[in-house]
Amino acid sequence: MAGKSFYDFKPLDKTGKELDLHKFEGKVVLVVNTASKCGFTPQYAGLEKLYKSLRASYGDEVEFLGFPCNQFGGQEPGSNDDIQSFCQINYGVSFPILSKIDVNGDDAAPLYSWLKDSKSGLLGLKRIKWNFEKFLVGRDGAVIERWASTTKPEALEKPIVDALGGKPTAAPTKTEEPAAAPAATATA
């Protein structure tokens, strides 16, 4: 898989259609393997909070992609529709949750094989150890960093902001105070 970049892959979206990752070219992307029945599932809330905060400051220069996976203790048994509903109802997830995939083994999604080859985990191990491992992909399509499941979403803010270049580009709109009206004079 040498010479490939993040943009060379086409995983399936939640409806089973190919998602051309070229649409994220020039953006910073956080990739997370997810599950609905895992001890780390509450990270959805932190990921959503971080996503909304970053999008408010950087607009569409940042994207998060969730990849459901049932390889760890059968903790993502639902269909793609079930997963979408769970994420919406329980955590208000607004970032894309794609089709369920394998992240390890012979049937591992090609994107995940590439991610693991690009950035090994603890002790140089390539395999994904559990749900909610995270990869940060830079604007150039190369993997910048990989974090274990135990890394909380709030700990990702600084590395993501650094990858974005630090300065917000879609600064929140300022509300201007209306000019003070002249003081009214009392009439008798």
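Numbering starts at 1 and runs along the chain as it is shown here.
Using the three backbone atoms N, Cα and C, a Cβ is placed for every residue, glycine included.
As stated in TrEMBL, the feature region 'Disordered' covers range 164-188 out of the listed 39-63, 114-138, 164-188. Around Cys38 (active site), the same-chain residues six or more apart in sequence whose CB sits under 8 Å from its CB are Phe72, Gly73, Gln75, Glu76, Trp130, Asn131, Phe132, listed in sequence order.
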